[in-house]
Amino acid sequence: QPASKAKSFCKAHAKALRRVFWGLLGAVYLCYFIVACWLNFQRALTLVVITAVVIFFVCWSLFKKYCGKKVLTFLSPLWKCLQKSWPWLKLLYVLLLGGLVTWLALDTAKNPEQLISLAGFCILVLFLFAFSKHHSAVSWRVVFWGLGLEFLIGLFILRTTPGIQAFQWLGDQIQIFLGYTKAGSGFVFGNTLIEDVFAFQSLPIIVFFSCVMSILYYLGVMQWLILKVGPSFLMVVSLGTTPTETLSVAGNIFVGQTEAPLLIRPYLADMTHSEIHAVMAGGFSTIAGSVMGAYISFGIDAASLIAASVMAAPCALAMSKLVYPEVEESKFKGKESRNILEAASNGAAASIGLVANIAANLIAFLAVLEFINAALRWFGEMVEIKDLSFQMICSYILMPVAFLMGADWADSPLVAELLGIKIFLNEFVAYQQLATYKKNRLSGLEEWSGGRKQWISERAESITTFALCGFANLSSIGIMLGGLTSMVPHRKSELASIVLRALLTGICVSMLNSCLAGRSLPIATGRRQGWAKS
């Protein structure tokens, strides 16, 4: 019959038909692209950028697929030669490090205040080394390469015009994209509610973003992005970490701390303690794309959030190997990481549970915070201490940390408050408070009122945005253990013994990012004078 003949013909010539289909689709798109650029190139600039990025990644993926092994075979003699010349390479590394130090000294000559952030960066690295599980086993190559990657990414994003413009453009596009949520939430809840009520304004964004992520997983876009052309390949090559742990950390740039381990679920049972620590630290060091949308809706700078997530990946791997170095033999060293992403396709579909969890946590944590503050005020009044609160205690304890990250001394108490809220409660509440300070500044409120600052400087806002960008808080311990234990229940005790070190690593990774931001962000003249007077 004609139908069966057509079906058999399609099966027999499936490969050729697929090529014809993609060829025709490409030809149609090329015609559309040319016409769009010819009519108004400025209007089509976004289309040009997207097309260029897609073409680059497709070409890179095809190059890896068809020429990757040949290139590795061709370069293997060169690699062996380099290994024999290792002492000379060490000298080259020393020279590069000396050049970097010289450049930093010259670059900060005009703004010596920025050296404070550099000192804070070094102190945090030494602090983590002091808590290392195996001091003598630390692979300094991984540490320096990871920090070097973080520094180069941060330098490109924060100090170069193309980097600033690119990430600002990307942040603007994400804000426009997330704005489409209003069409759905406005229809369901009404325009009045989505303008005035937080639950109907920000939480639907998580549903929309999770839906989009699920579609991208179903189409294979996320798998292709993370595995084929994403940051995992770069970090495996440069840092020398295993593909499994690197893939999970790279996945955390896009998904959350419980979804990213699904990328490597079949391998969790056989991973070493150091690799599991890297998986946990990667989850604590970043935020999920879905909640990033909610933070952007608060008014937090989208470009800074994206930059912090990208910078956190290599830094998390480096600091993880500093705190928990590898002393076991990995079963995955040098293996290709393929066909291990199928389980992740369902990870982003649980948006309703995520929204309910966020709403419940906000209700609980804000209520607990109010109770703690009421109790502290009562205890303070007994000894004539007015307005004693959890935020005040955090502001005194963590103020030196905030100052070392690069915040002005006058802004440090408020930045320290936000750090305390993030670590002991969660980052959602902290970002809400940061958004309030930003609104106060933009609305023209007086900087000081009743002896208390009403807002912080724009530079301090950026530094704080980097410092808060991560799931590293006490409440996330249960989430992390619950997610990983459900995948490998027989390793529950091992996971519990590792999680606190991973939490500490995640907290410090976010602070290292903020130190790098403090080192790179400009200091306004007026703020510098105020800092000097303080």
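Cβ coordinates come from backbone N, Cα and C, glycine included.
TrEMBL lists 20-41 (among others) with the feature transmembrane segment.
Per TrEMBL, transmembrane segment is recorded for 47-67 (among others).
Taken from TrEMBL, the feature transmembrane segment applies to 88-106 (among others).
Taken from TrEMBL, the feature transmembrane segment applies to 112-131 (among others). Sequence-remote contacts of a segment are chain residues at least 6 beyond its ends whose Cβ falls under 8 Å from one of its Cβ atoms, and for the transmembrane segment (112-131) they are 104, 138, 143, 147, 319, 322-323, 401, 403-406, 501, 504-505, 508, 511-512, 515-520, 523, 528, 531.
The domain 'Concentrative nucleoside transporter N-terminal' annotation in TrEMBL covers 119-191.
TrEMBL lists 138-158 (among others) with the feature transmembrane segment. Within the chain, the transmembrane segment (138-158) has long-range Cβ neighbours (under 8 A, six or more residues past its boundaries) at 93, 125, 129, 132, 164, 167, 234-235, 238-241, 303, 307, 310-312, 314-315, 317-319, 321-322, 325-326, 512-513, 516-517, 520-521.
The transmembrane segment annotation in TrEMBL covers 198-221 (among others).
Feature annotation from TrEMBL assigns domain 'Nucleoside transporter/FeoB GTPase Gate' to 200-299.
Within its own chain, the transmembrane segment (276-298) is flanked in space by residues 171, 174-175, 178, 181, 201-203, 205-206, 208-210, 213, 241, 245, 248-249, 252-261, 264, 268, 305-306, 309, 312-313, 315-317, 319-321, 323-324, 348, 351, 354, 358, 427-428, 431-432, 434-435, 469-472, 476, 480, 484, 491, 494-495, 498-499, 501-503, 505-507, 509-510, which lie at least six positions past its ends and keep a Cβ under 8 Å from the stretch. Marked as transmembrane segment by TrEMBL: 276-298 (among others).
Under 8 Å from some Cβ of the transmembrane segment (305-324) lie the Cβ atoms of residues 125, 128-129, 131-134, 138-139, 142-147, 149-150, 153-154, 157-158, 167, 170-171, 174, 231, 235, 239, 241, 245-246, 249-250, 252-253, 273-274, 277-278, 281-282, 284-287, 292, 295-296, 465-466, 469-470, 498, 501-502, 504-506, 508-510, 512-513, 516-517, all in the same chain and six or more residues away from its ends. What TrEMBL lists as transmembrane segment is 305-324 (among others).
Annotated domain 'Concentrative nucleoside transporter C-terminal' per TrEMBL: 305-518, in sequence order.
Here TrEMBL flags 348-376 (among others) as transmembrane segment.
The annotation transmembrane segment is assigned in TrEMBL to 463-486 (among others).
Residues or ranges marked as transmembrane segment by TrEMBL: 498-518 (among others).
Counting Cβ pairs closer than 8 Å and at least 6 residues apart in sequence, the transmembrane segment (463-486) and the transmembrane segment (498-518) reach three or more and so form a contact. Secondary structure of the domain 'Concentrative nucleoside transporter N-terminal' (119-191) per DSSP, as helix, strand and coil residue counts: 63 helix, 0 strand, 10 coil.
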